[in-house]
Amino acid sequence: MNKFLPIALMVAASASMASASTEIRVLRVQPSAKEGAFYERVEKAFEEKNPDVDVVFEYIANEAYKSKLPTLLQSSTKPDLFYSWGGQTLVEQTKAGFLADISGAVSDEVRATFPEPALAAYTVDGALRGLPLYATEVAFWVNTELTEKAGVDYTTIKTWDDFLAAVQKIKDAGITPIMAGGQDKWPLHFYWSYLALREGGADAINKAMQGEEGGFSGEAFVKAGADFQKLTALEPFQPGYMATTYEVASGMFADGKAAFHLMGDWDYGPMRARSQSGKGLPDEQLAFMAFPAIGEPVTEGGAGATLGGMNGWAVTADADPKASEFLTFMLNLEHQKEIGSEGIFVPIVKGAETSLTNPFFQRVAADIAGSTHHQIFLDQYLGASVGATVNDISADLAQGVIAPEDAAAQVQEAWEFR
Amino acid sequence: MSLSEIPALAPVAGPKSRPLRKKGSGGRLTAILLLLPPALILFSLFVILPLTESGYYAFFDWNGYGQPENFVGLRNFEQVVGHGVFHTALGNTAKIVIASLLIQMPLALFLALLIYRKTPTNSLFRLIFFVPYILAEVAAGLIWSFVFDGNYGVTASLAQSMGIENFFILADRDWAFVAVLTVVIWKYFGFHMMIYIAALQGVPEDMIEAAQIEGANKVQIVRYVQIPQIKPAIIVSAFFAIIGSLQVFDVIIPLTNGGPSNQTHTIVTYLYTFGLTRMKIGFGSAIGVLLFIAAVGVAIFYQRIFMKGAKA
């Protein structure tokens, strides 16, 4: 690659000489129409203020984005800003020297607008590598009509045992208790991850990454597997859940085919679009229920931890200084409020949550703000390889083809060999 | 007179023909100099280089970012060979090879025998049987994933009409791969059928007639005339079936994505899942190297044993 660097520089130099304007290339996973329109507006506003800058948004579909990014980052056509899920992938990208240190480019004033944990997610080796865009939370979507029909009051479900009892009751009423997109595996990993957080406490994952308390083969993770299998022993999922993708499961839940669906808040809009009627369940029939606590958390903070995303933007090395400027512009309070009021997603900047009109998103904002620890999805946080192993063992645990001890040991092994 | 002319002619003919021959070999040289480099460069760039690079990466623990630095020797290979899912993938690939040879090819041959004669109805059937092969693999996988869907698919209505509970074959650890095999056979039998049809049309009609006059029945004609006559085509089609089986990939991804519990991986989906999507490029390269050795091994072995036999 280095052989081509001089050529790349020459090409880049001649290109920038040819047009006086600076081009800022932004790469994002294909967004919804609403979100895309938002970027268009921000882009126009920024270009009006900076006539010499040309902001170019590029979109690539989800899976292709993940596989193309590493190659793109090494090429001469790398973007200035790109969408990131944070976590170990961000760390690896930093180690490979692909990311800029924008600590100096982001003023203290701007910094102060973000909650500390959100900034921490984009800080590697003590330097800011990008900025968070929005947070997501995973919890149970509840079809309240079905729970009522089964005689279950979902508001009283506080512990895992309560939940198991509710599942049994719903099943006895002839209703599918839980919808799951098992073919994609990651929807199942939410169970294992959440249970590990509850069992091991807020810092369970970070401790395991440091190799403390037996790493990923430690007690908390084995217990998480056992807890999960207490649920799967009840056969709570819809028939054929291992051949159901997330998209299909999401649509089926919106069609009223199950009482619960463990999924992120982002599913609010898409699940309706995926339903057969195109409308899904009405708001009155929907509830967003926190993942139950376990009876006795092994460590403090476990009961109040949330699982979800802290998605944002990373800045590539040698990106034009204007890129960080555009980034902070895109994430300023005004724009974050727009994101909230449009119902695109839950904004992360402090004070922007007041713009939220959707009660579900308001709830998510409050949950994350009040959380003892917001854990980024393990399949992102632990990097591609270990993350995929977590997804694998979660699917295996769900099908009962692996023991909790073996599942935990597999993750630990993947972590050691990552 | 004429005798004197002959020696006079001979020396003339000699030098005349020699420059011609020289010119000819010179032309060949120019042709080589002109035409070989582009081909050689393209071949090296797109075949040899990636091959050697992949072979090189196989010795590193590398996630695809930056340059590979962490040399791990044969560890990637050891991990591949010791991995349970790899064994499953290997077994599944073997199953595809066997199903292709023992189910797909006989089926293709049977259909080819039925419709190789040129008639309008036969053309229609040929078209129908060939459609799956034309279809993109991903589309075929998607279509069949709908067919197999236990909630809405054809199998669902089938189960309902038979009054049994819906079944989800793609979610079943024991049966999912049978579903995959079905799709693979369905997808590719048309290709082999076309090879046989072309070959059967080349079988001299008088040989068949001769056999008929000798009193051979239809089965005997097939057994003793047609099949021996199209043996070279069968050998080629078997070769394609084996090499193709080693490469089955894009049907499986939309069908099962290797699941449930990694039960339906082939070597290539295994490479993709555990090498590429997990960003373990070194590990993936090691699998690629093993697959390459296997494919080349099969090719050489096959050439030695069957192709030569076919010529003789």
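Placed from the backbone N, Cα and C atoms, the Cβ positions cover glycine too.
Now, the feature entries from TrEMBL:
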{"type": "TRANSMEM", "residues": "B:29-51", "note": "transmembrane segment"}
{"type": "DOMAIN", "residues": "B:90-302", "note": "domain 'ABC transmembrane type-1'"}
{"type": "TRANSMEM", "residues": "B:96-115", "note": "transmembrane segment"}
{"type": "TRANSMEM", "residues": "B:127-147", "note": "transmembrane segment"}
{"type": "TRANSMEM", "residues": "B:175-199", "note": "transmembrane segment"}
{"type": "TRANSMEM", "residues": "B:233-253", "note": "transmembrane segment"}
{"type": "TRANSMEM", "residues": "B:281-302", "note": "transmembrane segment"}
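Ranked by Cβ pairs under 8 Å to the transmembrane segment (B:127-147), the stretches B:29-51, B:96-115, B:175-199, B:233-253, B:281-302 are led by B:175-199.
Long-range contacts of the transmembrane segment (B:29-51) within its own chain (CB-CB distance under 8 A, at least 6 residues past either end) are made by residues 292. Nonlocal intrachain contacts for the transmembrane segment (B:175-199), taken as residues 6+ away from its ends with a CB within less than 8 angstroms of a stretch CB, comprise 92, 95-96, 99-100, 103-105, 107-109, 111-113, 115-116, 126, 129-133, 135, 137, 140-141, 144, 148, 169, 229-230, 232-234, 236-237, 240-241, 244-245, 248, 251-252, 255-256, 259-260, 263-264.
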